[in-house]
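Participant: Here you go, one structure.
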Amino acid sequence: MLGKGEGKVVVIVGGNGAGSLKEEEEEEEDVLSVHNWRQQGLKQRLYEARERICTEWRRARAALSLSSGHLPLHHYHWRSGLHVNGLDSQQRSGSISSSDMMLRAGGAATFLTLLLLLPLLCCCHLCHSLRVPKISSYAKAEDKLFQYLFGGYQKWVRPVEYLNQTICVKFGLAISQLVDVDEKNQLMTTNVWMKQEWTDMKLRWNPDDYLGIKTIRVPSDRLWLPDVVLYDNSDGRFEGTVTKAVVKYDGTISWTPPANYKSACSIDVTFFPFDLQNCSMKFGSWTYDGSQASLSSKACVDIIMEDFHVDKQDYFDNGEWEIVKATGSRGLRTDGCSSYPTITYFFIIRRLPLFYTLFLIIPCIGLSFLTILVFYLPSNCGEKISLCTSVLVSLTVFLLVIEEIIPSSSKAIPLIGEYLVFTMIFVTLSIIITVFAINIHHRSSSTHHGMAPWVRKIFLHRLPKLLCMRGHVDRYATAGVVGAGGAVGLGMMKDSAPGLTPPLYTRLHLQAALDSIRYITMHVVKENEVVQDWKFVAQVLDRMFLWAFLLVAILGSALLFIPVIYKWASIIVPDHVGSYL
């Protein structure tokens, strides 16, 4: 029902292309208009009922006055409603005589009606005395709610009724990104959301008094906040971002501020780049302890872990590190007589070694096998030393690169560092052996003594068979052939000229010349054989160290990397999150 002269029709027309926000605002205005219309109709009905009760009350009083023979100074004509005060006595007596019978007959009925409408009159008077404030829109209702909640709110005061009352703060952690793990400075950079929930008894209201509002969003800098900080922070920023908090009508506050933290992390580079790290983040209140003793005069805030696992629903993968497990545990930090509750989250992360395998490990393995090829070059090749020196310089450069990545610590040597040191020793030994082999290759009888019998036996007869080499030829047999050839030559000369007998001195002269030639030939042949023997020994040394270095390189690489790779690929995270694998 609409009031007199107050009825209004509100027509709200929304365009077809209006956005969702505009449609929601129009829908909210429609709801508020209907609500206001109903409220105005209710008040109009209450007003009309009040008028009817007042009218019946006047009639009842007039009837009682007439029945007792007395007329009031002011009265109304019940049928026409005209004012009859001031008429002459004849007109007044005529009016009374004409209506007296009707009033006397309806007096009893009017009195009964008055008794029935008396409770309604009391209700109307009570509603009028309360005077509920008229709220015309949601914005005004929320504005009045803010004024009611924060009119005298003090954010520095702990919202409790008693001194020793404890505020329970539910704490949870959600990680959105593992930004970086700085091995050099031993830092872990993360983007996290700190989920906190507690109850503020000073922020409670009745939703029915404010158009059914049950939740509001309040800037966190206007609320009392539990000063939960990251204890092992390394960049000086201990607080999260100032964002809005969700406040419910029962006083429950939910606050999830995002934060970028650089937390300290002890890096163990023993198995770099196939390493597994255990980094932790410890949260706790900075000033509020968790004591609940009745005689304690300290403010108490207890931190309860909301979830055992870190929320990774919105986690953005990192290209270098993988989170294997992220769990939390509750503990206490003791400071004198006070105990502060803490929650520690352990992040067990492992490195993705593809990048370091392609650009660090494989080149190092290639350099170590390139060192083996030094022994495959001919012994008289001068590039053997140049190749070994180049490999050694390359390994030194790789070692400097690793030194820039890993932390400068003497507690542990990284795996790749051990392999580089092993390869450098490998190359150094190859250089020494190459120098020794070149020295043997250029030996001769004029510079060194003759070859020892055991050297001749081992390097010229036994090792070539074991190393699958062609056997050494015994070149001393050629000396007898040369001597026999000379003797045969003289006999043929005699047979070819039997009738010619040279003089004796001529034969002696020729014999001396032949002996000289034979001596020179034998000396040259023997010198050449000694040189060839030493060259063959150098070849045997190269072949022997070729196979030896190849075997050592394969076994060394396998023993260093295969167990670590197998362990990295089959990681079993321990049940106790605080321990390291």
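Every residue gets a Cβ built from N, Cα and C, even glycine.
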Participant: Tell me which of 385-407, 500-522 corresponds to the transmembrane segment entry in TrEMBL.
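Facilitator: Checking TrEMBL against the ranges 385-407, 500-522, the transmembrane segment one is 385-407.
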Participant: Please indicate, using numbers and ranges, the residues of the same chain that are 6 or more beyond the transmembrane segment (419-440) and have a C-beta under 8 Å from a C-beta there.
Facilitator: 361, 364, 367-368, 371-372, 374-375, 379-380, 384-385, 388-389, 391-392, 395-396, 398-399, 402, 534, 537-538, 541-542, 545, 549, 552-553, 556-557, 560-561
Participant: Tell me, roughly as an integer, the mean pLDDT over the domain 'Neurotransmitter-gated ion-channel ligand-binding' (142-352).
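Facilitator: Residues in the domain 'Neurotransmitter-gated ion-channel ligand-binding' (142-352) carry a mean pLDDT of 86 in this prediction.
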Participant: What residues in the same chain, six or more past the boundaries of the transmembrane segment (544-566), come closer than 8 Å to it by Cβ-Cβ distance?
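Facilitator: Counting only partners 6 or more residues beyond its ends, the transmembrane segment (544-566) has Cβ contacts under 8 Å with 271, 274, 361, 365, 368-369, 371-372, 375-376, 415, 418-419, 422, 426, 430, 433, 437, 463, 467.
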Participant: Near the transmembrane segment (385-407), which same-chain residues lie under 8 Å Cβ to Cβ, leaving out any that are not at least 6 residues past its ends?
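Facilitator: Hits for the transmembrane segment (385-407): 183-186, 267, 269, 272, 360, 363-364, 367, 370-371, 373-374, 377, 414, 416-417, 420-421, 423-424, 427-428, 430-431, 434-435, 438.
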